[in-house]
């Protein structure tokens, strides 16, 4: 069978599986719809959380980024996993004991205030839409590369699939679909990684091969990589180029942001007991760690492969994959010195993304790039995303591995999109309608409203996928910064500081949010030219500013709480109650 | 009631102590070994890994997983000790 048939077969089979699961586990009540009835086994919940959390960015882009920045990639590796320690110990068990459906619900009740609830709803919707727009685009890109449809049709197919299991199945449908998606994506990631590790280092475990020697020599892989990088004028792979302050703040913002993201938190409402919430955070991180410890290994293998294959190679002698990714616009070569060989060195070959002169071919039969050349010696443009997507081809793996990658990339993007869409629909139907605007709505109508909201959210997300706002890549920093500076402190103080009152919490959330928002807007949109370390506050980049926003939130909340009356007696009892595990039943459908 | 209350307070105190201890390890391994002292640790090599680089890209993640499972086990013991475990 040829590759294309295999891809259709794999992608088709996984989609049939997801839809089958959605029909089997469709939601019958609001409790099913919001928290899967509260009866998910902690291991299943761990897998679902893993799929929910690992997005197209984790699956496709992360290893590629690490591959180009070397040690600095640690901000993502540590930042996106370390947050689970905070979640498991500081938030998950207590929120599970609280036993309701959503994050704004906790904030609204703990701070006995509709205003606090509304601030939380706005944050949830903003954070989730920011995030989901990127996912839908990811779905479109993966489809267009593998199914040979255009990106827009890819987005539409993705919307149809998500519509099916998110609208029909709610949290219950999503949970079990995500379990399947986790399995698909981890197989898809690990199989090429294991193959390539065997080829390059002779060790089948990528995590170990990474620190091993190259097959048939005594040179360590990382030493080889450092040597190659320096020869070509790049930074040493194992040395960082970001400042220590910035590394610290970005890592912290990503960790705390992870712990504060609503679609992750809500997954811990779905297990039966408090002890299960703790356990399932452990399983979630274990399942995530399988991919996250493989990613830096894949990054270094891909880097060695790329440098060795393309550097000083004659264009016409290059393997076939170079041309297919050049055709996809993710590789581009501009022969500045006209010697027919590829010079790959540090620096940009030309300004911006490549634009091609149609299908026209140059002297060596390369696609002609029309961008203005820069004055350094580098001739090669490499899109970071190909480091993962092209890896199986570069290593000449069999066709079914490539088909598996396609299915895995789609599973990663679809599972995260579905989780986010559900959070959006829940905030609208439950927090906004049921708890705020129309408290008398009955369960059946609420369920219907949730389904309508999910359908509407899918349409909006699809619109962003088809017409991506130019700022999608930049606004992901928003999602984490805002989660870090608003939710995390409010929830943490709600549990650990009995005397925190509504005035303090609202003042803290608002000041953290406004500060973080303003800082990012200023450097990303108002004055992007000034976005350099000299102009940053204490050398903190916009990606890391959420950490400062969080600290501001804590300080403001504490000061305001000291100057205003303490929370009422029954709230202090509520806090005492969520601190002990006994008495956490399944959340009741009607409350 | 006040007995139960004292019980809950003692439970909470032990819980917070455990949490702070584990978070100290969390901080030392990730921010300490992976960021603040990474260059000093890089002078030590284990196999092909400079140690600081290994903590930044691998070691800290392994530690996080272990920390959560240690926490889970200790909390289950604590739940039983103070009779707050769920049936």
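Here, residue 1 is simply the first one shown, and the rest follow in order.
For all residues, glycine too, the Cβ spot is worked out from N, Cα and C.
Annotations in TrEMBL come from automatic prediction, not curation.
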Which range of A:215-236, A:281-302, A:303-324 is transmembrane segment, per TrEMBL:
A:281-302
Under TrEMBL, which of the candidate ranges A:504-525, A:570-591 is annotated transmembrane segment?
A:504-525
Chain residues outside the transmembrane segment (A:281-302) and at least six past its termini with a C-beta under 8 angstroms from it:
42-43, 45-47, 49-50, 53-54, 58-59, 62-64, 66-67, 73, 77, 80-81, 84-85, 87-88, 92, 182, 185-186, 189-190, 192-193, 196-197, 200, 206-207, 209-210, 221-222, 225, 237, 267-268, 387-388, 391, 394
Suppose I define contact as three or more CB-CB distances under 8 A, residues 6 or more apart in sequence; do the transmembrane segment (A:182-200) and the transmembrane segment (A:504-525) meet it?
no
Segment proximity, the transmembrane segment (A:400-426) to the transmembrane segment (A:6-24), 3 or more C-beta pairs under 8 Å:
yes
Residue numbers, six or more beyond the limits of the transmembrane segment (A:545-561), whose CB comes under 8 Å of its CB atoms:
249-250, 252-253, 256-257, 477, 480-486, 488-490, 493, 499-501, 503-505, 507-509, 511-513, 515-516, 519-520, 537
Among the recorded stretches A:247-269, A:400-426, A:504-525, which has the greatest number of Cβ pairs closer than 8 Å to the transmembrane segment (A:115-133)?
A:400-426
